[in-house]
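This report concerns only the one structure given below.
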């Protein structure tokens, strides 16, 4: 099992050789964020996870898997109103199904899955996660009761809990510190195409074939990618270190990591709340069909995310070369802060065209910080804690963000409906947009601590 690519045939061997050739282990080095007091800082070269080098094949496959991650996560948004009317649910209940149900096992299992990934099983955990969420998404189309829908949505969260930390560990292993922001920007930039497919394509499919067939179609598409992940990505070597409570306490005492964790938690409550309710917002406030709303919202947020992420990663790497890693985080802080006023205008205006322009501006500018933020997580911790650190980040960012954001703003919408009618969701998302300034405080703290 340790060499899953042995005896898989000429095609598997050929792609494996290409991956290894692109990422031949280099000499051991101490990365940014590792100090002499880090666990394992004095390991011999034979036991250190050496940088694998830039491996386009691995980064591309991780990006494709990320596309499926976003599709299966956000196609629910395109089907919100259809599910609500078919199953006779309130906005708050739809938010619980789309958010809290997803976050339930995600929050419980992401750290155990991260620990397994840190023990040399990252590629296999990624493959398992893709297969799990794909099958669960397909089965959502068979749900006729709230309990069944919740159970399948919980399993989607379980699969993505396995994929999130393992994919980050693989990305860090197959990149080098000097290009880490670019590496994460490439994989996440590709992943953001899932916004377009999940929201725009999902909205079109829901309108033409129904939400049940839509879930079945997008779910089954992930099975070939899960198989490819299992066959073609070698497990990167991991250092042999003693793992105990002291190393965990050292991880939690890491002040830059703590700032990242609080940023992730607060930003994703806002982000997932607005994203999950975005299609419904354009349907209710501007009278669009699910197909049109999904297309405008999905293409706007998806393409803008790709553009912003691809631009931001290389810029952050260049800033880091000139001003140090704290400079890259300062760039991320300003990008995120400048984007927030446009988000308020997006939900407040009664002009569809202006709202969509503000959506694109908000997304492009805020996406500039995606590469440096995700690249910072494996940079500020020791090598053998990369997946664990990513797991903690995803636990707070995604479990709390998805678990709290959609039901919170759905509940606010229900609360405001007697006073604002169809504009209740607009007012709810205005609350979310104003809360968007909170995460900027933690990014400011992060860049200041790194500079010190």
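Every residue gets a Cβ built from N, Cα and C, even glycine.
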Here TrEMBL annotates transmembrane segment, and of 68-91, 92-115 the range meant is 92-115
TrEMBL feature transmembrane segment, matched against 211-233, 234-256, maps to 211-233
TrEMBL record, transmembrane segment, of the ranges 42-65, 354-377 the matching one is 354-377
Quick one: do the transmembrane segment (185-205) and the transmembrane segment (121-143) reach 3+ CB pairs under 8 Å, ignoring pairs fewer than 6 apart in sequence?
-> no
Are the transmembrane segment (389-412) and the transmembrane segment (92-115) close enough to be called in contact, which here means at least 3 C-beta pairs under 8 A that are separated by 6 or more residues? yes
Sequence-distant contacts of the transmembrane segment (92-115), meaning Cβ under 8 Å and at least 6 residues beyond its ends, amount to 73, 76-77, 80, 83-84, 125, 129, 146, 149-150, 153-158, 160-162, 164-166, 272, 276-277, 387-388, 390-392, 394-395, 398-400, 402-411, 414
Maximum Cβ pairs under 8 Å to the transmembrane segment (260-283) among 211-233, 328-348, 354-377, 424-444 is reached by 424-444
Checking 121-143, 211-233, 295-316, 424-444 against the transmembrane segment (354-377) for Cβ pairs under 8 Å, the most are found for 295-316
